[in-house]
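Positions annotated as N-acetylalanine by Swiss-Prot: 2. The substrate binding site annotation in Swiss-Prot covers 21, 94, 95, 96, and the record cites similarity to another entry as its basis. Summarising the annotation, Swiss-Prot assigns active site, proton acceptor to 53 and lists similarity to another entry as the type of evidence.
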């Protein structure tokens, strides 16, 4: 049941164009009573409207908690999304949350955008 619920949360939700901040979030499903195992999944969220990485996490964590899940921010960075050229580049870090594991974020993004060139680097801010 928990895993089915987590599957309903999209792995990736990012703006369609531009350079913007993003966060990598781990979502926890509440385990059935008596079951010590907790189902988790990582999700990527990035939006142009966010002035700070925390703005994204605060909005998304509120939505996640309303659905009965818990979550934590694993880090952040920036995304350059060029939809015309079908390119996405993940880089940088968050001052508040630290650097996200861009390799994990990139794999999630590649799954959603299979016909894009998706790259990442640890440099830049």
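Here the Cβ of each residue, glycine as well, is placed from N, Cα and C on the backbone.
By a simple count of nearby Cβ atoms, those within 10 Å, the most crowded of the recorded positions 21, 53 is 53. Highest Cβ count within 10 Å among the binding-site residues 94, 95, 96: 94. Within 8 Å of the Cβ centroid of the substrate site, not counting the listed residues 21, 94, 95, 96, the chain contributes 52, 53, 54, 76, 93, 97. Once the Cα atoms of 21, 94, 95, 96, the listed binders of substrate, are compared pairwise, the greatest separation found is 12 Å.
Classification of residue 96 (substrate binding site) by DSSP places it in coil, neither helical nor stranded. Here the Cα atom of residue 95 (substrate binding site) is found 8 Å from that of the residue listed as 'active site, proton acceptor'.
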